[in-house]
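Report on one structure; see the data block that follows.
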């Protein structure tokens, strides 16, 4: 049996995608609609307080295209905290006008493919801790997609030796390093949590960088032979103080 890669796991992750039911929202009187939005703003401002205590983080983006209108991404130390957030969100009046279109449950993950040998406790390493328990950037754009490593009769990632996988992941990682300073990447593991094995969340102030890195990696052997991808979601950042304009209906 091939050796399994060991992982370091950080904050639990929940991506929630919603489409706005504009037809139903349109017939709500303006004063009631304003109250819905204010309640939603207060909820998100309250959940965002974890950032100052370094016990979680969150991001809100307006998704481009018809797959969704809003992405809410929450990071928390425990899975049950994500359940609490989602349950409380569903009780908001605005939730009656937001249609769930997709969700993804995972956990921030680092693998040992490229790690050197050390007796150090990795969870005490400041660099590793910053990646496992990150402060999310306020970049203009976000890109999220789920993915698997292929396993069929011709190409099976899980039948490769650890050395073969390490070599492939090294080459794969060298492409990613070319985009340092242009893209911030977060990998979340989801084996046993969701329908794919990993989620990839990218941040950038230049949306074109998403196309460039994904295209370039198509020529990398790790992706070309072993990568399988779900739907891609791209969007622009939206702050809670912009909700009045976002939900405004003239």
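Keep in mind that glycine also has a Cβ here, set from the backbone N, Cα and C atoms.
Source: prediction; values computed, not measured.
According to Swiss-Prot, the protein carries these features:
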- 131, 145, 146, 147, 148, 149, 172, 185: Fe-coproporphyrin III binding site (BINDING)
- 145: active site (ACT_SITE)
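On the structure: features taken from Swiss-Prot.
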residue	record	Cβ neighbours (10 Å)
131	Fe-coproporphyrin III binding site	17
145	Fe-coproporphyrin III binding site	19
146	Fe-coproporphyrin III binding site	23
147	Fe-coproporphyrin III binding site	18
148	Fe-coproporphyrin III binding site	17
149	Fe-coproporphyrin III binding site	19
172	Fe-coproporphyrin III binding site	18
185	Fe-coproporphyrin III binding site	15
- Whole-number Å value of the largest CA-CA distance among 131, 145, 146, 147, 148, 149, 172, 185, listed as Fe-coproporphyrin III-binding: 22
